[in-house]
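Q: Just dropping this structure here.
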């Protein structure tokens, strides 16, 4: 009888030792965060100012702009699972996810710069150029950002280190967002000397160079673990990891809805301050306070100890909704609106942190359920797909509502109906959509209870495999 028990005990002990020793050094948590910081330094300019740039700088109508945004996002969202499969089938000396930072950092920087460069073309050619550069910029971001999430489960098997690394990543990502949304408009004005088109091209070019440098630093310091070097996963097998993976399905749906709400708000933000509050400078001022998200992001591990991951996400989504409602009730009172903005930013940033952390847990669940570890596909759909499709739907909703109520950038002043539509899009549309995401996260709680079992079982399987290979 003892002979039957001893191997199991040995495997359990070996599994516990693996989990204890598989730690991620602090400096690698920082350089891992550089990847998201660089991505946000450029991508948050797209997310926050693309619609505004197209209508007020590039010279497109709001109807044309919203069609380009939706078309581009749909194409890029389709590209997300394709990118995930490519990551799963990548075999290089650098690993599966890591080499993509080397391969895509320069194309990403160049395409975003070209997107915010206005060529001297006719109206039809400008539309084609804008659509093409938008799609290329989005696809290159997908190819660069998908590995940011897919690499996390391969950096360490330690759940606490994953949460810590993800929190640091999103704090640094918020630093990138802060510099993107706060200083890009003033910098474009300063270097443009009255020429907005020239100013935006130079300003984004500077940002692109900085992003490229930090992406390379992140690549150089990164190391992947937990990779089965001899295992080749077919495309069909990659999709098997989604079968019965209910935690993954819920996270994908909740995160997609979150990004739809977040993007609708960001798309309407410049218009709300320029037309409803008659002060364009408030755009950079309020966006500057978005750095306060770091408080929420840094506190996520603390909240998770008491509320668990699902409860922390629900709390932060509720906080975001409270902040949005506060802004709506503040009206033209800028000080009161700023308080609501800070509350909403803390909640939104923290909820975002949770979604990215939990999608990594669903990779483990998929492996436990199916025996297939499809990091690339599951994280691409849970992160990049949600960001791309949610941003497309959110921007489309914002543009459609404003267009339906007669918005035109050619008008110095908008009608009362148009300004009400802008206000509704900026404040109340996100509240409604965030509520749906919150409900889904309440449903997710039953699956979080399975995570300790999943982690221990996977560690024991790896210990058994190591023992078998050693013999």
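We count from 1, first residue shown onward.
Cβ atoms here come from the backbone N, Cα and C positions, even for glycine.
TrEMBL entries are annotated by machine, without manual review.
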Q: Examine the ranges 8-29, 338-359 and name the one recorded by TrEMBL as transmembrane segment.
A: 338-359
Q: Could you check which of 246-262, 263-279 is flagged in TrEMBL as transmembrane segment?
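A: Feature transmembrane segment in TrEMBL: residues 246-262.
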Q: Would you mind listing the long-range same-chain contacts of the transmembrane segment (127-149), meaning Cβ under 8 Å and 6+ residues beyond its ends?
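A: Distant Cβ neighbours of the transmembrane segment (127-149) are 35-36, 39, 42-43, 46, 50, 54, 58, 60, 64, 68-69, 71-73, 75-76, 79-80, 83-84, 87, 97-98, 100-101, 103-105, 107-108, 111-112, 114-115, 119, 121, 169, 215, 356, 359-360, 376, 379-380, 382-384, 387-388.
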Q: Answer with yes or no whether the transmembrane segment (421-444) touches the transmembrane segment (100-121) by the criterion of at least three Cβ pairs under 8 A, sequence separation 6 or more.
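A: Contact between the transmembrane segment (421-444) and the transmembrane segment (100-121): absent, because fewer than 3 Cβ pairs are under 8 Å.
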Q: Which of 68-88, 282-303, 380-409, 421-444 has the most Cβ pairs closer than 8 Å to the transmembrane segment (170-188)?
A: 282-303
Q: Which range wins on Cβ pairs under 8 Å with the transmembrane segment (246-262): 68-88, 338-359, 380-409?
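A: Result: 380-409.
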